[in-house]
Amino acid sequence: MFCNLTYNLLQFRGKYDSSITVASKYYGSVSGYNDELLWAAAWLYQASNNQFYLDYLGRNGDSMGGTGWSMTEFGWDVKYAGVQTLVAKFLMQGKAGRHTAVFQKFQQKADFFMCSLLGKGSRNIQKTPGGLIFRQRWNNMQFVTSASFLTTVYSDYLTSSRSYLRCSAGNVAPSQLLSFAKSQVDYILGDNPRATSYMVGYGNNFPQRVHHRGSSIVSYKVDRSFVTCRGGYATWFSRKGSDPNLLTGAIVGGPDAYDNFADRRDNYEQTEPATYNNAPLLGVLARLSSGHSGYSQLLPVVPAPVVVRRPMPIRKPRVTSPVRASGPVAIVQKMTGSWVSKGRTYYRYSTTVTNKSPRALKSLNLSIKNLYGPIWGLSRSVNSFGLPSWMHSLQSGKSLEFVYIHSTTPANVAVSSYTLA
């Protein structure tokens, strides 16, 4: 596998739009492919913990621009800032080894990007008078959400390593990165000079004429008349009225460099939505919903290193705690993974909570004792855990699953209270 991969990386390099020429008019690769190769290697190492990919980053970081480019943008084309952020994480985790000097240069560039966003660097990114970072007129919001995502994870990396951001204007606390991300999200959702939400369907003042064919055509549930391709454009897309099919949740291109915005369907630079606008925002919102308490992003939640010469034994998940029942609620815990880092063994536990009652559970409070690591999949109050915020009830016969990681035997999970519908 590794020989084939190396051969492919050496022999079949090239920009995708050189072979798919029609894409160059819309999604041309300006940065080339070196950032993508480094980006792929970083994520393959994150997923597999295979030394091959870490060595690739160490050997090629300088020659492929990973340690050379000082970035003020991050997006689907130019990925250097993302590579620099992820490799900085490996360095903070103590995984750099003989590549430490190279990885330190990756981190310096990651710091440069973060400082430029905060306005504390030697070369800062442009912002609108209302405070939104601005890269270009056509769909600027893609750079806003992507950069905001990087600041949230880098804030947690720094917090977890008990470090700070090093800027030319001085040292900066990691919490300022999280505050910056919040300021950008607040702007997107309406806290801006126009009091406009750039998420369709959110707030009282949001784009009504999105540059989107499906949104501009009446729903089939409302009017079952056949709409031709030309008719969809001439009759529906070209009309001046509001969208009959609301594209709820879509993030549009956003305002210009002076916070101006024209809500017109033909104004594709500002009213066109895109998946790469929304995708990073989901991560930012998920992080911000947990407040300013830092997540331990450096916890080694990756499999043990791959042994090339002999296959590793497959560890089957085993039940580490018997089925426990409290009234209509059954709890089962499984150990689903383990690995060793710096002499300590970590365990990943999956816990399933099942409603055995013929009625729905309206509320559920769990007591979790002897928990010494992060937990995902539950909402947390002062002294207990409850259903996740998006789950209003647990229906009869249904289950929810949550996961936690720590370096000892399973936590003690029990039902404190519950309410049936």
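Glycine residues also receive a Cβ, built from the backbone N, Cα and C atoms like all the rest.
The Cβ of His211 (active site) lies under 8 Å from the Cβ of Val252, Arg265, Asp266, Asn267, Tyr268, Thr271, Glu272, Pro273, each of these being in the same chain and 6 or more residues away along the sequence. Here TrEMBL flags His211 (among others) as active site.
Look at TrEMBL and you will find Asp263 (among others) tagged as active site. The Cβ of Asp263 (active site) has 16 neighbouring Cβ atoms from other residues within 10 Å, across all protein chains displayed.
The active site annotation in TrEMBL covers Glu272 (among others).
Positions annotated as domain 'Carbohydrate binding' by TrEMBL: 329-409.
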Helix, strand and coil residues within the domain 'Carbohydrate binding' (329-409) as assigned by DSSP: 0 helix, 49 strand, 32 coil
Cβ packing number for Glu272 (active site), 10 Å threshold: 18
